[in-house]
């Protein structure tokens with residue numbers, strides 16, 4: 001299972017625009033070292049690993065507390081809380097999958113999707129669940145939401161750093177490939193072309 005190709009292209013273009021370091025003017029690594037460099041983040045992967053085991057506990061705790069306090073919530077907050085829980089659960093499954101794929105396999109579009117879901121959707125949802133007083137937050141909920149928010153915040157920062165490294169590695173690799181192609185198939189020099197044309201022209205005149 002992978003992202004649709006149009007979405008992959010858009011995420012790849014977004015990553016090159018946002019995460020490319022414009023101050024880098026050339027390759028940092030001599031020879032083929034750029035191909036052998038591992039840019040996957042071990043701290044990010046450890047965070048994702050523990051997040052996978054923490055998420056069922058968070059979900060179960062939140063659902064149990066929602067069931068207990070549901071009768072005392074207003075109809076407005078009942079609808080909001082149920083909707084938010086469904087969204088957060090779906091987003092988390094997709095987010096963790098993209099994080100694993102993007103980081104372990106060094107796939108920029110997947111990791112960019114993970115970063116965007118974490119920053120723009122999951123983190124605001126968790127902060128809403130944590131700080132909205134109308135939800136009548138209980139101590140257990142507060143504890144699990146704080147841990148979840150710390151996970152997501154760390155992952156946003158770690159994924160940002162990892163994306164910059166991945167995009168810059170791809171840019172360096174692309175520049176090296178272009179340079180190697182120029183070495184293998186050099187462009188004819190302008191002046192040498194001019195000399196060859198003049199020689200052909202003079203030879204033509206001499207024959208007449």
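Along the chain as shown, the residues are counted starting at 1.
Cβ coordinates come from backbone N, Cα and C, glycine included.
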Tell me which range among 76-98, 168-190 TrEMBL lists as transmembrane segment.
76-98
Check each of the ranges 25-47, 48-70 against TrEMBL and return the one annotated as transmembrane segment.
48-70
What parts of the chain pack near the transmembrane segment (76-98), using Cβ distances under 8 Å and only residues at least 6 beyond its ends?
1, 3, 48, 51-52, 55, 59, 62-63, 66, 70, 110-111, 113-114, 117-118, 121-122, 125-126, 128-129, 134-135
